[in-house]
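Everything below concerns the one structure shown next.
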Amino acid sequence: QGAGMAGPHPPRFLLVFDFDETIVDENSDDSVVRGRALPEPLRQSPQGGYNEHMRRVLAFLGEQGVRPAELRAAYENIPLAPGMAELFQLLSKHQELFELVLISDANTFGIEAKLRAAGARSLFRKVFSNPASLDRRGVLTLGPYHSHKCLRCPANMCKAKILAEYLAERAREDVEFQRVLYVGDGANDFCPAGTLRAADVAFPRKGYPMHRLIQESQEKQPGAFQAAVVPWESAVEVARYLQELLRKKC
């Protein structure tokens, strides 16, 4: 048994979640600004990167005197996606079999706030997101996650790179996963899902960009997208699939 392994049986499945419109039912960036008057330049669709745009939006809110507690409450109040509470209940019963990580282009402040409010923070071994912290004035400052060379992804985050680095790090710790299961919705979830193998499963939210991109790639190049594809409208469908996996013990 390798060093750093918890117990005799390490988790056999890696479950990767996106956050916006996957764990929660809306885009958290929209939730934070809802009902607040933004100046015209900040209401426009972002020039340049979206991460930079949100950095400016959060700085503006801070300058307008929006307190950290108000921002935290806005994140805490975002509704979970349909069935997500039930999926978390199932996962909390089988923590020895599933290792959970979250990879999101939102920000660490909002994600941590929501997961704690939902009683789900302890389920996740790691949260990978854009760093966000309060400066001396209590203004939420946002940074990019990393730099990368992927041409498909926004400049501040390639989720495929994050996933590959995480799997390599766990392999060095002697943790191998039988399957990687990826739950997402967005175009930036298509990139990591495209790196999954035939034994793995992609769970795209039905009718969202990740789902459409998978369908297009399957039509263009049958077999190029290797993972099994299980679209969902309610996360109860994801839970059902996982229960089936557990029943088969595979």
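Backbone N, Cα and C atoms are what each Cβ position is placed from, and that goes for glycine too.
Unlike curated entries, TrEMBL annotations are predicted automatically.
Listed features, source TrEMBL:
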{"type": "ACT_SITE", "residues": "D18", "note": "active site, nucleophile"}
{"type": "ACT_SITE", "residues": "D20", "note": "active site, proton donor"}
{"type": "BINDING", "residues": "D18, D20, D185", "note": "Mg(2+) binding site"}
{"type": "BINDING", "residues": "D29, D105", "note": "substrate binding site"}
At the Cα level, what's the spacing in Å between D18 (active site, nucleophile) and D185 (Mg(2+) binding site), rounded?
7
Near D20 (active site, proton donor), how many other Cβ atoms are within 10 Å of its Cβ?
23
From the Cα of the residue listed as 'active site, proton donor' across to the Cα of D185 (Mg(2+) binding site), what is the distance in angstrom?
8
Per residue, counting other C-beta atoms within 10 angstroms of the C-beta, which of the binding-site residues D29, D105 reaches the highest number?
D105
When you average the Cβ positions of D18, D20, D185 for the Mg(2+) site, which other residues in that chain have a Cβ within 8 Å of that mean position?
F19, E21, T22, I23, S104, G184, G186, D189, R205, Y208, M210
If I take the alpha carbons of D29 (substrate binding site) and D20 (active site, proton donor), what is the distance between them in whole Å?
9
Local Cβ density at D185 (Mg(2+) binding site) - other Cβ atoms counted within 10 Å:
25
